[in-house]
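First the structure, in the form of structure tokens, and then the observations on it.
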Amino acid sequence: MAMQMQLEANADTSVEEESFGPQPVSRLEQCGINANDVKKLEEAGFHTEEAVAYAPKKELINIKGISEAKADKILTEAAKLVPMGFTTATEFHQRRSEIIQITTGSKELDKLLQGGIETGSITEMFGEFRTGKTQICHTLAVTCQLPIDRGGGEGKAMYIDTEGTFRPERLLAVAERYGLSGSDVLDNVAYARGFNTDHQTQLLYQASAMMVESRYALLIVDSATALYRTDYSGRGELSARQMHLARFLRMLLRLADEFGVTVVITNQVVAQVDGAAMFAADPKKPIGGNIIAHASTTRLYLRKGRGETRICKIYDSPCLPEAEAMFAINADGVGDAKD
């Protein structure tokens, strides 16, 4: 009898776990959607019912074998499973209070960000070379694996590297600092090298499939814009570049919404060479224009300080005040600057 009660309790727990978080698109079969149509959705990159519910109708119609009538039925059933209506600000405030923040490794930087890098949104870091963008990414790839009470996200990290600057040795140094097993830390980081803008976008489809299978806390794209500077050149291709970049950023935002992962992207800067630059205190601005500015939830501007110290400024945020903090790049990752 006791054994039976234990089994029932375990079954209840597994049901609870299943109903929490993003649900696989295969659940649509229970709502009367044909298994072949579900397979077509998966092949097109829709791996969760949330991905289907958030998609515009024309995106589903573009899938080979999905007619307008089928698209309507799929969207209707997905909308029943995913809550997408109005909610009170009280309920939303409650959900916001449960958001996990991942430590950057520096207490001063965490204080500036009111806890750390926020999950479920896009954080953009931009600055010149040697300002610490990649070093923060490497540190976050380890700290996201820490328990929540130690400032982590209790999940794996995904790292898309477009500049060839990923170094596993740095992860091992940070892991040692936090007392984590080096081999476990490396096993929990999924790494991919992006070779062009189309490949970079294709990797996000793979990322979506992997996130359904396993718990990921962080997705890093370092750098999100480097390949756009080389694949598209001149003003003639500016419109095409911005449209492609907008689609890429929209996919990132969708992954943040669907899976609640922290998305961290790095961006490069460009020197302003027009007449106004003469009067600007700092004649450098992030590339990508308004497209990337609107897609990022929080924008951090990094610049060099003295020696190994770096300065981080809140450039844009919906809730953080404009302020600065100093941090240092140490042998064991990002830390506090020594006075």
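Using N, Cα and C of the backbone, Cβ positions are placed for all residues, glycine too.
Cross-referencing 245-260, 261-276 with Swiss-Prot places the feature motif 'Nuclear export signal' at 245-260.
It is 1-24, from the ranges 1-24, 97-120, 145-168, 289-312, that Swiss-Prot records as region 'Disordered'.
Secondary structure of the region 'Interaction with PALB2' (184-257), assigned with DSSP and counted as helix (H, G, I), strand (E, B) and coil, comes to 50 helix, 12 strand, 12 coil. What surrounds the ATP site, by Cβ distance within 8 Å of the Cβ centroid and not counting Gly127, Glu128, Phe129, Arg130, Thr131, Gly132, Lys133, Thr134, is the set Leu302, Lys304, Arg310 from the same chain.
Within the same chain, residues 22-25, 27-28, 31-33, 36-37, 40-41, 84, 208, 212, 254, 257-259 sit at least 6 positions outside the domain 'HhH' (48-77) and bring their C-beta atoms closer than 8 Å to a C-beta of that stretch. When DSSP labels each residue, the domain 'HhH' (48-77) comes out as 21 helix, 1 strand, 8 coil, counted as helix, strand and coil in that order.
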